[in-house]
């Protein structure tokens with residue numbers, strides 16, 4: 001009846017047939033009109049296009065997700081290049097900043113530090129019994145925007161929307177979670193509309209015990225092969241939690257490993273332009289947080305695969321943090337940074353560092369808008385015939401340089417990629433270049449699909465190198481000529497399928513899969529797991545019997 005039209009994964013709106021409306025007792029609750037899903041998509045797109053701001057477009061799509069889930073994903077998949085920047089970066093950053101103001105309907109699970117000792121009970125409130133993927137954040141480092149506390153829930157929600165749209169993971173089996181331990185954001189603490197706990201962040205043993213309880217509760221309820229993706233945790237927690245849980249649970253950190261994989265994929269594609277090996281590069285990072293260190297470690301692993309000893313590979317990588325170049329003997333270096341500290345004088349100015357190190361590749365992941373100055377870009381072009389310049393920080397306002405500056409200040413010779421989308425750039429020569437967007441969405445949907453499909457218990461760093469290689473293989477020579485270092489976003493579902501197929505194939509070879517019998521056709525097996533946006537048959541299967549068999553007996557023998 002009426003309640004059915006309020007259940008997002010069952011609601012079809014005006015696509016309910018007359019028979020469905022009559023038998024489900026919703027006839028009369030809908031206008032006397034029957035339209036296809038394709039026409040429904042057209043209506044959404046027309047409404048989308050008449051809105052003036054991306055934030056309003058975001059709200060439109062979120063309302064649709066809360067009303068008609070199949071249609072929401074049909075719309076996203078109809079033009080993923082158009083809709084991804086709305087449901088995820090960069091618009092999701094603005095949405096998180098406005099999350100309390102725009103709050104309409106809760107989506108996901110809100111677990112607070114005051115629920116310690118009862119996390120399992122809170123999980124029981126979730127209506128779905130089968131969950132295969134969880135995305136969790138504590139809201140402390142949302143994109144490049146800092147501590148947004150409970151407002152960070154927009155990130156797990158948006159991330160899981162892309163699990164489905166880009167990877168085909170069933171949305172009914174996905175769970176977005178915010179762990180609310182407080183916030184250090186003064187504006188939020190004073191905001192009467194803020195939806196989270198009004199207290200300073202809990203840290204130390206109490207925080208760790210809370211995380212332990214959460215991980216144990218999720219794995220106990222949903223199984224050891226339930227994927228738990230960590231998202232937007234602060235640097236002080238991200239590395240140690242990954243290290244702590246990686247071999248204990250089915251988990252990964254997208255900010256560290258997902259970013260690393262997509263960045264390395266871009267570098268591997270760039271090497272087809274520079275015509276040399278990864279181990280021939282000198283790589284300088286602006287930033288030394290989760291993203292930079294994750295990329296650096298995966299580059300080392302890729303160089304080792306080329307046959308370069310680990311110690312030699314590490315020497316090819318330099319990092320710059322807020323205090324300057326990371327060198328041996330510098331005070332207060334973390335263990336993670338210490339690994340990439342080299343013998344060199346201390347330097348603070350990025351322009352001077354670039355002139356001194358003369359990198360072949362410059363990678364920005366520090367969320368400092370405009371950090372790649374005109375001088376730096378011109379120097380990169382002076383040192384290299386084809387300089388590799390990746391401005392990977394999100395959102396767009398935090399990008400180290402725009403695509404236009406990246407190309408024009410290097411006479412169009414830069415091999416450029418960014419974290420947020422940029423428009424194509426037409427050079428004075430008339431050539432149009434399409435900057436590659438190093439979006440983690442090339443990575444995590446395929447990895448998640450593979451984990452769900454074959455029941456992986458642990459997600460190793462090797463999986464992310466494999467993923468990078470598969471992504472790079474999907475880039476054609478024509479794409480490279482156009483400046484693209486990544487496959488077109490509109491092929492992302494096919495890319496995810498290829499990633500998942502390769503990971504699943506390796507998992508069965510290495511005996512790490514847990515779902516048996518082993519499928520003979522891995523591609524068909526993975527494809528069969530992918531979510532369909534077609535409306536489900538709601539009515540019971542109806543069929544006829546022979547007329548003779550249906551005769552009603554009226555006389556007693």
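Cβ coordinates are placed from backbone N, Cα and C, and glycine is handled just like the others.
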Same-site residue for divalent metal cation (record: Swiss-Prot; known: 231, 232; options: 191, 208, 255): 255
Cα-nearest neighbour of residue 322 (phosphoserine) within the listed recorded positions, 88, 231, 394: 394
Close in space, distant in sequence - residue 159 (active site, proton acceptor), Cβ under 8 Å, 6 or more apart: 88, 135, 176, 229, 231, 254, 444
Residues flanking the NADP(+) site, with Cβ no more than 8 Å from the Cβ centroid of 141, 255, 394 and excluding those residues themselves: 142, 143, 144, 232, 259, 290, 291, 367
Those recorded positions listed as 322, 394, and which of them has the most Cβ atoms within 10 Å of its own Cβ: 394
CB contacts for residue 231 (divalent metal cation binding site) [other CB atoms within 10 A, all chains]: 26
Other CB atoms within 10 A, centred on residue 255 (NADP(+) binding site): 25
For residue 232 (divalent metal cation binding site), nearby residues of its own chain (Cβ under 8 Å, 6 or more apart in sequence): 137, 138, 139, 140, 141, 142, 143, 152, 155, 255
